[in-house]
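Student: There's a structure below that I have some questions on.
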Amino acid sequence: MAGRGCSCTPGHLNEDNARFLLLAALILLYLLGGAAVFSALELAHERQAKQRWEERLANFSRSHNLSREELRGFLRHYEEANRAGIRMDNVRPRWDFTGAFYFVGTVVSTIGFGMTTPATVGGKLFLIFYGLVGCASTILFFNLFLERLITVIAYIMRSCHQRQLQRRGALAQDSLKAPGKRESDSLAGWKPSVYYVMLILCSASVLISCGASALYAPMEGWSYFDSLYFCFVAFSTIGFGDLVSSQNAQYDSQGLYRFANFIFILMGVCCLYSLFNVISILIKQSVNWILRKVDGGCFHQCQRRLLQSRRNAVMPGSVRNRCNISIETDGVMESDTEGRRLSGEMISMKDSNKVALAILQKQLSEMANGGPHQTSSMSQDDEFSGGVGAFAIMNNRLAETSGDR
């Protein structure tokens, strides 16, 4: 019997590995598709630019009686000066204190524009250790920022939900004035949707990007579209370096502009990082949905084996160990949660430490109701508890590992 149908033996790939492999395959397809699109859009422009450059180089060489080798050698010297921060236009010094502060900001935020890089051995060596601690600290800051942002969003969503209940007559005025059992009963079934969180974060990111672009366009001389492009590249910490703000030697209201530039980049990076965390949770939901559809036959076979094992008086835990029935949470049947998963509601509060979506929604619900509710002293003393998104997944994996010892 074990050799027929779906293999549910311990040696078979478990559902976490299946999710990982499917996601890796989808990312590979995404990369291949992106490469095809960018190649179609940019290759012709690259060839035209190269042809124009070769023509200008040949004309300059003929008009000044210079050989190609001499001219190329001179241009190589300019490329070396360019890497050291020397430009033809009047730009700010790269390694004075303000320039160095801008550089370390791009390092610890992982933006890494690339317009300034250390040239000395000491600088490169120091950067390795400095970036190791700085990047780790900044990632921690982003995750803590996300937790506090979720607290604010949760209170806003809960307040809106209360107003909706009040308009529908489900929440009386006296229960709002004196919060008690009636209010808790009315809000007990409320589960914040992660889709609303994504919408709020997306709106905040767009507003910050539009406001920053309105500042960059006149101050840097960029078009508004180029300013929006810079905002996404900088806020997402991609940091190509083709456009970099606050690099000219002089600006109108220079101190105010550089301060505003710092605030916009800080807020933009925090909001877009938070948005990426939420989008990654939704991507995981999509991967789980694909796995459920692909693995539907295996699920039904495992369900039939579960019923057969109960008839044979075998403990259900043994069947559960042989085959993971649920995709997102252990012990949650697909038929009970199909609609809720796709609607964005809470999946399973019992297993919220195993699913990133449930972690985020649980924290939303707890923060909206005045903070997390600890069920035992052990959970209060758990040094690995807390976190959102990837940070929460890592913390809970550590908690599971430490709990097994």
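Placed from the backbone N, Cα and C atoms, the Cβ positions cover glycine too.
As the structure is a computational prediction, the values presented were derived from the model and not from experiment.
Sharing the record's features from TrEMBL:
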TRANSMEM  20-44  transmembrane segment
DOMAIN    89-149  domain 'Potassium channel'
TRANSMEM  97-115  transmembrane segment
TRANSMEM  127-157  transmembrane segment
TRANSMEM  194-216  transmembrane segment
DOMAIN    199-283  domain 'Potassium channel'
TRANSMEM  256-276  transmembrane segment
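How about a rundown of where these features are and what they're close to?
Tutor: Proximity of distant same-chain residues to the transmembrane segment (97-115), defined by a Cβ-Cβ separation under 8 Å and at least 6 residues beyond the stretch ends, is recorded for 85, 127, 130-131, 134-135, 137-138, 234, 237-241, 244, 246-247, 258, 262, 265, 269.
Tertiary neighbourhood of the transmembrane segment (194-216): same-chain residues 149-150, 153, 156-157, 222, 224, 227-228, 230-232, 235, 245, 257, 260-261, 264-265, 267-268, 271-272, 274-275, 278-279, 281-282, 344, 357, 360-361, 364, selected by CB-CB distance under 8 Å and a gap of 6+ residues from either end.
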Student: Reported in the order helix, strand, coil, what are the DSSP residue counts of the domain 'Potassium channel' (199-283)?
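Tutor: Per DSSP, the residues of the domain 'Potassium channel' (199-283) fall into 64 helix, 1 strand, 20 coil.
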